[in-house]
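Here is the structure we will look at.
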């Protein structure tokens, strides 16, 4: 299957800057994201292609290889390109790892050390259930390595710039012919960076990044749950020597609620009702995240009965649908009764015992079971 040009996929020119590529990726990723196109397989495939294109073009060395060799330069299964051993497919990388470690003194791939990407970071945010229900924008302060503003991430002293390594011509790797094998190894001059910094920046000591604490506004969508994460692309650690920045993951946790328990998008709660309301029926007010609502209790309601209030739970974090509120009624036993109240209850009990059909089906079944048990045991 013919692969599309990565620049065409991101709708940018071949000389587009890193910032232009990143901007185009964000726009297209938002447009074709599966959450915005549920059930649309073509949009999902487009999203995957866009991600793959960005992964290549956002990496300086991969982009250089792609510009020079096309898809073969970044796809080991296609053969050719700077990785070599293309005819062996996956075996090429195995041989390359072995020989590269031998000839480079164990430093590993120059591709990995050159323009090293910054690490991903995680920041924990705790919300109340009410905040999670409607979403919230929070300001967080993240300690991290940020791009050095003095050298703008280059690592070179202001007014100067890194020079292209003459040994590897900026590729970070050189080839050595060993018999039948053409062996690729890390450039011994620039150690895989592709550039030489002769006069490093005093602020970042040539690293291109410095420690900082950055304030970031995070929009947390409605419906988030424990363990959900919000990804902020490029807000992690800045890369070394101009490498791409990592991502920031905001980890969500919810505080325990005094009334509701959450099960996915449904909310559960227990609602106490009086003995009289359970027997005779009535109406009670129950709380929801949107305010109070009236719940009708039918006569002869038993404790443990669950009433479902549709669409009174949590919104789906994907933006469609809403859970329910399940109210479990608990019949209260009256306490601190007066003498008169006790006498009335005794009279009620006597009248119930002498009347037939006043027990609930569950109670009648239980008494019948107990009676049969004693008969079988012949007590």
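Using the three backbone atoms N, Cα and C, a Cβ is placed for every residue, glycine included.
Taken from Swiss-Prot, the feature domain 'J' covers 5-70. Among the features that Swiss-Prot reports, zinc finger is placed at 135-213, with the record citing sequence analysis. The Zn(2+) 1 binding site annotation in Swiss-Prot covers 148, 151, 201, 204 and rests on sequence analysis. Taken from Swiss-Prot, the feature repeat 'CXXCXGXG motif' covers 148-155, 165-172, 187-194, 201-208. What Swiss-Prot records for 165, 168, 187, 190 is Zn(2+) 2 binding site, and it gives sequence analysis as the kind of evidence.
For residue 190 (Zn(2+) 2 binding site), the same-chain residues that are 6 or more apart in sequence and have a Cβ closer than 8 Å to its Cβ are 165, 167, 168, 172, 196.
Reduced to three states, the DSSP call for residue 168 (Zn(2+) 2 binding site) is coil. The highest number of surrounding Cβ atoms within 10 Å, among the binding-site residues 148, 204, is found at 204. With helix defined as DSSP H, G or I and strand as E or B, the zinc finger (135-213) counts 0 helix, 35 strand, 44 coil. For residue 201 (Zn(2+) 1 binding site), the same-chain residues that are 6 or more apart in sequence and have a Cβ closer than 8 Å to its Cβ are 148, 150, 151, 154, 155, 156, 157, 158, 208.
DSSP assignment over the domain 'J' (5-70) gives 47 helix, 0 strand, 19 coil. Figure note: comparing Cβ neighbours within 10 Å for the binding-site residues 151, 168, the maximum is reached by 151. In this structure, the C-alpha atom of residue 187 (Zn(2+) 2 binding site) lies 24 angstrom from that of residue 204 (Zn(2+) 1 binding site).
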